[in-house]
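Listed in Swiss-Prot:
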| type | residues | note |
| --- | --- | --- |
| BINDING | 11-18, 58-62, 122-125 | GTP 1 binding site |
| BINDING | 192-199, 239-243, 304-307 | GTP 2 binding site |
| DOMAIN | 5-170 | domain 'EngA-type G 1' |
| DOMAIN | 186-359 | domain 'EngA-type G 2' |
| DOMAIN | 360-444 | domain 'KH-like' |
C-alpha cells in the first residue's frame with residue numbers, strides 16, 4: 001500500500017497560501033462544515049484536482065507571529081514538512097515582486113534536500129506571462145508558473161505538474177461490513193503530538209514478543225504496516241514514523257511527523273487519537289482531529305497519563321476536551337495509563353465497535369421509518385412559505401456512513417436540523433465512533449412550486 005502524495009505550500013506571509021489551500025480543499029471542507037466547534041483555520045486537508053487525490057499542507061499554519069527574520073519564523077515543523085513532502089509548491093507574489101524573504105526561502109529549499117519544488121507566481125491575473133514571471137527566474141528554482149489562487153487560473157496545470165509521476169490509481173472501495181471475513185484486520189493509526197505516550201502504548205500493544213519485521217518498504221511513500229493480535233482480534237498498525245528497527249523487530253519511539261501522521265490517518269480504518277491529560281488540548285490536537293473528521297475516519301479518543309491527576313485536574317481536562325474538541329462528540333473517549341497498561345482493553349473494544357459502525361449496512365426501510373419518526377417529532381423549519389418535505393432515506397456509502405435523504409424544498413435545511421437527524425440515526429443504528437454524513441436531494445426546485 002502507498003500513501004497519497006503530499007503537497008506542502010510554502011511562502012512568506014500574504015502571498016496567498018491560505019487562498020490556494022482553500023481552493024484545493026474546498027470540496028472536502030464543505031462535507032464537514034456543519035460540525036459545531038470545528039476550526040475554520042485549517043492547516044491540513046484533502047485535495048482533489050480532477051481525478052487526482054492528494055494531501056495538502058499550508059505551512060503558514062506553523063509560522064509564529066514574531067516579526068523576526070523569515071527563517072527564524074519558519075518553525076521546525078515547517079522545515080520537516082518541506083523535507084518530507086512529495087512536492088513543495090513555493091508561492092511568490094507577482095504584484096509585489098521578488099524580495100529578500102523570497103530569496104531566503106529559496107535558499108532554505110535548496111538546502112532541504114527536497115528534489116521537487118514548483119515555483120508558483122500567484123496574483124498573476126491580468127498580467128502577461130512575461131511580466132508576471134520574468135524576475136522570479138533569479139530565485140534559481142526553475143521555471144516560474146503564473147497562477148491566480150483567487151480566481152482559479154492555472155491551478156489544474158500547476159497541480160498536474162507538481163504531481164507528475166507521483167499519482168497512482170485509487171484503491172478499490174472498501175468492502176461492505178457484511179462481506180468482511182471474521183478475521184479481517186482493522187487498520188489502526190495511533191496519532192497524537194510529541195510525548196503524548198504513543199510509543200508506550202504501541203509497545204504495550206505489540207506485546208513482549210514484539211512483531212517480526214518483514215522487508216522494509218523501498219520508498220518513504222510506502223506505509224509501514226505492523227500486524228499484531230490482541231484478545232483474538234487482528235489489527236494492522238499503520239506507522240506514523242515512530243517505529244525503529246532493532247534486529248528483527250520493530251520498537252516504537254516517540255517521534256512526531258505531521259506528514260506521516262496525516263498519511264497514516266488516510267490509510268487507516270480507525271484512528272486512535274491520544275491526548276495528554278497533563279497538558280492543555282493544543283491547536284495541533286484540534287487540527288489533527290479536524291483532519292480525521294474531514295477524511296471520514298472512525299475515531300476513538302484516549303486521554304493518557306490520567307492516573308497522575310487529582311479530581312479537580314480531571315474535571316478541568318474533561319471540560320477542556322468538551323470545549324475544544326466538541327466536534328468529536330460522537331467519538332468514544334477513554335482515560336488510560338499507557339505506562340501501566342491501564343484502560344487499554346476498553347479502548348480496543350471501542351476501536352472494534354467504531355470499525356463496525358463505519359462499515360455498517362443501513363437498511364432503506366429502517367432509515368426511512370426513523371426519518372419519518374424524527375420529522376413527526378420535530379418538523380424541519382420553514383424556508384419562507386415553503387415547508388421542507390422529506391420522503392425517504394437510503395444509504396449512499398460507507399466508511400463513513402452516508403445517508404441520502406430525498407424530498408422537496410430540502411435546499412435550505414439548517415445545520416441544527418441536520419445534527420438533529422444525525423443524532424436520531426446514530427441512536428437507531430448504534431453508530432458510535434464514526435462520522436456520519438447526511439446529504440439532501442430535492443426532486444424539484446422549491447421556489448417554483450406551491451407550498
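Backbone N, Cα and C atoms are what each Cβ position is placed from, and that goes for glycine too.
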Within 10 Å of the Cβ of residue 306 (GTP 2 binding site), how many other Cβ atoms can be counted across all chains shown?
21
Quick one: give me the count of other CB atoms within 10 A of the CB of residue 11 (GTP 1 binding site).
25
Select one residue from 14, 192: among these binding-site residues, choose the one with the most other Cβ atoms within 10 Å of its Cβ.
192
DSSP says what for the domain 'KH-like' (360-444): how many helix, strand, coil residues?
29 helix, 24 strand, 32 coil
Give me the long-range Cβ neighbours of residue 17 (GTP 1 binding site): same chain, 6+ apart, Cβ under 8 Å, in sequence order.
9, 10, 11, 58, 59, 60, 91
Binding-site residues listed as 59, 195, least Cβ neighbours within 10 Å:
195
What Cα-Cα separation, expressed in whole Å, is found between residue 124 (GTP 1 binding site) and residue 192 (GTP 2 binding site)?
39
Averaged over the domain 'KH-like' (360-444), what pLDDT does the predicted model reach?
92
